[in-house]
Amino acid sequence: MASWLQIPKNSPFSLANIPFGIISSSKLSSRVPAIAIGDYALDLSKFASSGGFSQLPVIQPHLNVFNQSTLNAFAALGRPVHRQVREYIQKVFSTETPFPQILRDNAALQKEALLPLSEVTNHLPMQIGDYTDFYAGLNHAYNVGVLFRGPDNALQPNYKHLPVAYHGRASSVVTSGTPLHRPQGQILTNPAANPKLPTFSPCKKLDIELELAFFVSTPNDLGHPVHIDKAEDHIFGVVLMNDWSARDIQAWEYVPLGPFNAKNFGTTITPWVVLIDALEPFRTVGLEPGNRESLLPYLREKRADTAYDIPLEVEVTNAGGEPTVISHSNAKNLLYSFPQMLAHHTITGCNLNTGDLLGSGTISGKENQTEGSFLEQTNGKNPIKLADGSERLFLEDGDTVILRGMAGTEGNYVGFGDCAGTILPPVQLDL
């Protein structure tokens with residue numbers, strides 16, 4: 001796809017993408033919806049109020065969605081509308097645009113609505129009512145299971161029959177670039193001791209989890225599950241996600257009800273939501289086909305290619321140091337698809353709402369340096385060497401982690417942008 005707007009060939013926001021987000025700037029009096037294209041954000045509030053959507057009848061009754069401070073109202077319009085809006089914007093920016101008067105030849109509107117990304121502030125794209133994190137990364141689940149239970153019992157008996165998940169904390173989901181303080185809590189420093197007595201301490205095993213996550217668009221009613229064949233139409237779009245994890249706090253607290261404080265202190269997502277339609281060209285078979293016979297019928301999809309071939313990477317930079325890419329993985333390293341996660345979540349009659357966030361689970365490969373967490377790479381014993389010669393078993397204060405994901409070819413990349421966060425020292429407590 002070629003555009004009249006100059007777009008860097010390595011941009012994750014090519015004309016093939018058109019992700020949606022929420023921005024503010026010194027030019028704007030409030031937060032507004034926008035799309036990212038190349039090095040620019042298109043202010044959809046200004047674009048809509050200036051006749052930008054005049055050639056798209058389907059959105060005319062709903063132009064007020066572009067005056068909201070979140071994308072929830074737009075997401076609730078449903079996938080057919082999202083698709084038409086995205087395709088329309090692609091036509092507006094294409095070299096052979098059928099609507100040159102809208103923006104290409106409209107210098108005044110370009111000046112008003114096209115803002116350099118370097119001059120805008122990104123915000124959470126959605127008001128998130130609930131957040132659920134799945135555990136669909138089979139390789140990660142196996143690797144961690146081996147560490148704790150050995151290879152013979154690495155996976156629980158239910159793992160290949162249902163997408164395991166836990167309910168996370170929506171209030172501490174933050175957008176890329178938000179720093180997080182090192183968490184503090186109860187830690188068992190001597191697991192062999194009897195009796196087992198915890199101490200209160202800053203986390204000493206602070207970790208990351210490389211994930212994708214998706215937002216719910218249209219809700220389902222309480223008591224009415226979403227059929228697997230219709231589940232994808234309830235998905236608005238996808239973001240990169242870092243599920244920060246305090247492994248030592250987790251080890252002491254997680255039996256019998258799972259993680260709590262170990263994961264509730266911060267979850268970072270990318271600010272630009274990549275619509276599910278933009279990922280369609282990258283469909284592939286995941287770790288197992290989506291239509292495999294071993295699944296119960298409510299989870300069995302009609303097609304095999306229910307995953308996405310999206311290269312992912314993890315970069316770590318220590319304070320004042322050089323960046324080091326410590327891992328390369330791929331989004332296809334998942335056992336369950338997004339529709340399967342959504343169908344399973346609702347099978348009991350649970351109602352999902354517009355803006356709910358559902359994480360994939362940690363996406364790890366099978367080889368060394370394809371793991372999506374420090375726990376898998378180091379096991380707390382085998383340090384990762386950074387570019388400046390320093391070593392890491394887990395994250396230290398001042399470390400910055402950036403997750404990236406981008407599919408496609410030069411000039412037509414579909415990516416998420418950076419999912420970045422820096423670790424600050426723990427807050428001083430008066431205990």
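A Cβ is built for glycine as well, from the same backbone N, Cα and C atoms used for every other residue.
Listed in Swiss-Prot:
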type	residues	note
ACT_SITE	H140	active site, proton acceptor
BINDING	D133, E209, E211, D243	Ca(2+) binding site
BINDING	Y135, R149, Q250, Y254, T362	substrate binding site
BINDING	D243, K263, T267	Mg(2+) binding site
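Annotated features, which come from Swiss-Prot, shown on the structure.
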residue : record                       : contacts (Cβ under 8 Å, 6+ apart)
D133    : Ca(2+) binding site          : A165, Y166, G168, E211, D243, K263, L358, G359, G361
Y135    : substrate binding site       : A141, P163, V164, A165, Y166, G361, T362
H140    : active site, proton acceptor : E209, G361, T362, I363, S364, E371, G372, S373, E376
R149    : substrate binding site       : none
Q250    : substrate binding site       : P259, A262, K263
Y254    : substrate binding site       : F260, A262
T267    : Mg(2+) binding site          : Y131, G168, R169, S172, V173, V174, M241, N242, D243, W244, G359
Residues sitting within 8 A of the centre of the D133, E209, E211, D243 CB atoms (Ca(2+) site), not counting those, run L210, A213, M241, N242, S245, K263, T267, G359, S360, G361, T362
Taking 10 A as the limit, how many CB atoms besides its own sit near the CB of D243 (Ca(2+) binding site)?
26
Return the count of C-beta atoms lying within 10 angstroms of the C-beta of T362 (substrate binding site), excluding that atom itself.
30
Which residues, in sequence order, are found in the same chain with Cβ within 8 Å of the centroid defined by the Cβ atoms of D243, K263, T267 at the Mg(2+) site, excluding those residues themselves?
D133, G168, R169, E209, M241, N242, W244, S245, N264, G266, G359
